[in-house]
Each structure stands twice: as C-alpha cells, then as structure tokens.
Amino acid sequence: MKKQNLRSLAAQAVEQVVEQGQSLSNVLPPLQQKVSDKDKALLQELCFGVLRTLSQLEWLINKLMSRPMTGKQRTVHYLIMVGFYQLLHTRIPPHAALAETVEGAVAIKRPQLKGLINGVLRQFQRQQEALLAEFATSEARFLHPSWLLKRLQKSYPTQWEAIVEANNQRPPMWLRVNRTHHSRDSWLTLLQDAGMNGFPHSAYPDALRLESPAPVHALPGFEEGWVTVQDASAQGCVSFLAPQNGEKILDLCAAPGGKTTHILEAAPEAQVLAVDVDEQRLSRVYDNLKRLGMKATVKQGDGRYPAQWCGEQKFDRILLDAPCSATGVIRRHPDIKWLRRDRDIAELAKLQSEILDAIWPHLKSGGTLVYATCSVLPEENSQQILAFLQRTPDATLTGTGTPAQPGVQNLPGAEEGDGFFYAKLIKK
C-alpha cells in the first residue's frame, strides 16, 4: 500500500464537510481505505478533532493570515488547520507535526505553498501564548456556530454552557448487552476477564459504559451478537416503549437498526416492521439483524405516507425516532455543527409534525407511541409534542413529563449519555 500523507487526507475530508456539506460518516471511510490499519485511527482523530475545534482553528487563521486561501488553494486553508490542531490538541511531537503538514502540500499538488504553511505554523508557535489568551475571551472559544449558541442560550439560560462543554468533549463508548444471551453483570465478568472494565447505567438495564473505548473485535462475543455499540440515551427509547412478545411493533426511521434489534432483544416474539426513507442506510439494518441472528420485516418508506408501505395495518406500539437536528449528539458527530443551518430547524419541525400526524392513525386503540429525537431544541421536542397533543384529542401523555412541559429531555453528558428527548403517548 502506497504511503499516504494523512494530513492532506484530513484536510480534504474537512473541506468536503465544511465547503460541500457532506457528512463525515460518508467522506471518511473511502479515505480510510487508502491507509494502513495503523494510520486509520490517526486519520479519524485528525478529522474529528479539526471539526470539533473548527472555530478555534478558523480564528487562528484569521489572526495569522492577511487574506483567506480561495479557489484551488482552499485545501491549504484546511491543511493549516490540521497543523494547528496537532500543535494544540495532540501529543504528536511539534517537529513531526510541522514536517508532515508542510509535506501535505506536495500531496495536494501545491508544493509552491510549502513555505507559506511552514511560516504560518512557526509564527503560531512563536505567538501561541498571546494568541490563546486573546482567544479565551472571544465568542469562538465555545466552538459552536453563533446561531446554535443563541438557540441554546435562549432555551437553556442556566445550562447552555454545560451543554456546550459536553458537546466539545470526546464521547464515551457505550454498549448494549444482549439480554437474550447474557445478563449485563455476567457479560461484564467476561469483559473483565478480557482485561477491560465497564460501568452500568443507573436507569437503562442493558447499558454499559466502557472504561476506555476499544475496537469491537476485542469485545467478548461481538461477532456472535452478545453485545452492540449504542449510546445509553438511545437505549432509553426501548425502555420507554416497553415492547411485549406477540405484539406488532413499528420502528419508524429505523436505520441503522440499533433500536430494531433492541426491541427484539426485549421482546424476541414480537413482529417488528423496520422502515426508513434512506434505502442505502437500510443495508445497515440488515447487517445488524444478521449479526444478532434476528428476523424483522424491513422496508423502504417515507414516514409521511404510511399507506404506501403498510396499507391499513395498525400496530400495538410505534417507535418514531424522528429526523432531527441531531444537536444532542454533537460530541459524537462534530460535523453536525457545520452541516446544520438555523433555517433547518423550522423545516425539521414541520417534517416531524407531518410524520406524527400521518402515523398516529396506524396505532391501535390503547397502543403506545414513543416519539424520540437526538435533539436538545424545544421546537423539535416539547413544543412539538405540546402542539400534537392540542390537535390530537385521542392522544394522552404518560410517564414522560407534564401536559404543560411534555417529554423527558436528557442533556448531553448527563450520566455520560448523549442528548435525547422522549415522549410516551397512549391512544385513548
């Protein structure tokens, strides 16, 4: 395998996210195919790290360069960011960080700019202390776009700084123990026998946080389906849903299938229909079902038009993990900060309400619908459910909040989990 310059690959990945609006989960895997297994982790660290601290790196470039890099030289802008990130946030020796970053100019066919890159990075090293002192008083220090900061400040006047701080951390690795194979405690013993350790969640019975992240192939019984990687807060959805054997259950917006398989672990005799609008992502649902040795009906379909994929069918329980801004999982997907726009929130809220209204008639009388998002914004959460309850006379809220303040909102970092919202509705 030809030796690749990781800094240039990271710069290209970040450029595709920020300039072209592509998701890092789509951009990164093809680039990782080009590098050795040893280098995959560093490439990922550089991409995630630059996107996590982008506001800081952009601020530094504006301070140290008189004019922005544009056109075909734009990738160099991101290459310099990769250089700053290494000097500030990694243990890579500065001389190696500088040399590899400067060499990255050759890999992106801009060798004439090696001197410029070297000069900017060395200037930063000389002025680092003064620059960081000034940065610490700027709005950029929060590492969030200003539109999102304003929304968080308005919705959480006393908590917004804690939310921002949690969003800027590296996420822990949560697992879901498959209760059809092992209890959480018995699998934890296997984990400890393998030289690792984990900590159980206080509320969600299958959730276990690893002491430090590990590759999945090192986890006891991963290939056999004994355990799944899933954040604790995502596991809350099925706790609220409380599926039972023999029931017909709809998992709507199901990809990549983590909640589909969790439903089947909790109720192995349930009949589950998993539906998602994104055909490509449905392949992940099949993969998850196969690894865990489970069966469900999987269909491509738009939640706004259920008659197209389920006819007149009605369900005992529906889990609607609605499309949302994903503002609760920024620490896990830092590209979200730069992919979302303020105007997206109203559009997402409209889509959520359309799906809720369309799917409600497909819930049996006496049935349960759990509405969930990985957002922290009230427009997508409590306000969404409040409006739905007002226009839907046969819907009643149960066990999640109050009619005036419906739902349960987990904030990022609470018991080390992601930000998530849940509302449990019963059809009268």
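Placement of Cβ uses the backbone N, Cα and C atoms for every residue, glycine included.
In the record from Swiss-Prot, residues C253, A254, A255, P256, G257, G258, K259, D276, D321 bind S-adenosyl-L-methionine; the candidate from D302, D335 listed for the same site is D302. Scoring each of the binding-site residues (C253, A255) by how many neighbouring Cβ atoms lie within 10 Å, the top position goes to A255. Between the C-alpha atoms of C253 (S-adenosyl-L-methionine binding site) and C374 (active site, nucleophile), the distance comes to 13 Å. Annotation for G257 (S-adenosyl-L-methionine binding site): spatial neighbours A274, R284, V285, Y286, D287, N288, L289, criterion Cβ-Cβ under 8 Å with sequence separation of six or more. For the S-adenosyl-L-methionine site, whose annotated binding residues are C253, A254, A255, P256, G257, G258, K259, D276, D302, D321, the maximal Cα to Cα separation is 19 Å. When each of the recorded positions K259, D302, C374 is scored by how many other Cβ atoms sit within 10 Å of its Cβ, D302 comes out lowest.
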